[in-house]
Each structure stands twice: as structure tokens, then as C-alpha cells.
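Swiss-Prot lists ALA17, PRO18, ALA19, GLY20, THR21, GLY22, LYS23, THR24 with the feature ATP binding site. Per Swiss-Prot, the feature domain 'Guanylate kinase-like' maps to 10-187.
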Amino acid sequence: MLLGGKDKKGSLFIVSAPAGTGKTTLVNLLVQEFPTVIASISYTTRAPRLGEVNGKDYYFITESEFEAKIAAADFLEYVKLYDTYYGTSREWVEIQRQLGLHVILVIDTQGALQLQKLCEATFIFIRPPSLDELKNRLINRQTESLEMIEKRLACAERELEAAQYYDYEIINDDLQEAYQVLRSILIAEYHRISKKL
């Protein structure tokens with residue numbers, strides 16, 4: 001299914017969720033189904049995890065390179081979490097939107113709240129069914145230490161409180177159901193006449 005063409009500026013969608021909620025999986029499903037939807041690739045100063053590819057999963061750069069980009073105002077938004085920077089290229093997002101592509105930023109709630117003040121976008125929060133289920137998912141993906149999982153769970157509680165500032169909330173209890181809701185939001189927002197009511 002196509003959503004628009006190159007004659008209309010693409011929309012901006014912000015998707016946030018605690019780590020392990022399935023936000024990246026859901027966004028990847030959208031990108032696979034809709035040729036005019038593209039997910040932004042964030043810059044980060046953290047080391048790649050096993051199997052991650054520079055330029056596909058993230059742009060992995062040094063802290064000094066990241067700070068130079070901050071000084072040059074290259075980021076649409078950026079945050080520092082757990083001593084690691086994450087940021088979104090301002091220029092890349094604008095180019096994609098001018099080409100008529102709908103851009104999805106998968107970012108944390110801090111970055112999303114920054115953007116609410118700066119640009120028109122649709123904000124979507126993905127919620128886990130429970131914190132216990134989230135803990136199980138984080139343990140089962142086996143990418144982080146128990147100490148980091150505990151930090152992520154503490155952060156998740158704060159992120160869940162930020163959901164009230166989003167336009168939509170989806171509970172990811174069943175991946176296919178959550179995807180159908182996310183897909184419906186994307187289609188409805190594309191057909192919206194005006195964001196300002």
C-alpha cells in the first residue's frame with residue numbers, strides 16, 4: 001500500500017516505548033509494508049551489540065564526534081542516557097520528508113518531549129502489558145546485564161508516566177494486534193485534513 005507520493009511533504013511520526021516493548025519490531029513491519037515509510041537511523045556513542053551494523057541499526061560515532069554535531073546544531077533532537085548519547089539528524093529527516101517519505105523516529109520520551117515543542121508530528125507510545133512482562137522480555141533477549149536491565153526497568157517507570165503527553169497509546173500484548181493498531185494510526189494520520197483542529 002502506498003501512502004501519498006512525491007507531491008506532498010511526508011509526515012513525521014514519533015514512536016517511543018521502554019526498551020524491550022517491541023517498538024523497533026513494529027516500526028520495521030510498517031517499513032516493510034509501506035514503501036513511502038522510512039525509519040530514521042539514530043546516531044549513538046555506545047558500542048555496537050552483536051549483529052548490529054553501522055549505518056543500518058545506528059550510526060556509531062565517538063563522544064567527541066557527537067559533541068561536535070551538537071555544537072553544529074546537526075541534531076533535530078538528542079539525549080544522553082546511561083552515559084550514552086543518542087540523536088537524530090535534522091538534515092536527513094528534512095530531506096526524506098521533502099521527498100514525500102513519511103519518517104518514523106524511534107526515540108525515547110526525553111527526545112520526544114523536546115520535539116513536541118519544535119515540530120508538528122504524530123506521537124505514538126507503545127506500552128508493555130506489564131512491568132513484569134517487560135522484565136521477562138529484557139531477560140529473554142539476552143543483550144544486557146541484570147544491572148542494566150534493572151536500570152532500564154527503573155527508566156521504564158518514568159517513561160510510562162510520559163505516555164500521557166502522546167497522541168496515541170498502543171499496548172503491545174500481541175504483536176499482530178499492536179501492529180494493526182499502529183498501521184491504522186499511520187493511515188488515519190495520512191488522511192487527516194489538518195493537524196490543527
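The first residue you see is number 1, and the count goes up from there.
Cβ atoms are placed via backbone N, Cα and C, with glycine included.
Worth saying up front: this structure is predicted, and the values here are computed from it rather than measured.
Overlay of Swiss-Prot annotations on the structure.
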residue : record           : Cβ contacts under 8 Å, 6 or more apart
ALA17   : ATP binding site : LYS23, PHE125, ILE126, ARG127, PRO128, GLU159, ASN172
PRO18   : ATP binding site : PRO128, LEU134, ARG152, LEU153, CYS155, ALA156, GLU159, LEU160
ALA19   : ATP binding site : LEU138, ARG152, CYS155, ALA156
GLY20   : ATP binding site : PRO128, LEU134, ARG137, LEU138, ARG141, ARG152
THR21   : ATP binding site : ILE126, ARG127, PRO128, LEU134, ARG137, ASN172
GLY22   : ATP binding site : ILE126, ARG137, ASN172, LEU175, ALA178
THR24   : ATP binding site : VAL106
Environment of ALA17, PRO18, ALA19, GLY20, THR21, GLY22, LYS23, THR24, the listed ATP site - residues of the same chain whose CB lies within 8 A of the CB centroid: ILE126, PRO128, ASN172
GLY20 (ATP binding site) in three-state DSSP notation: coil
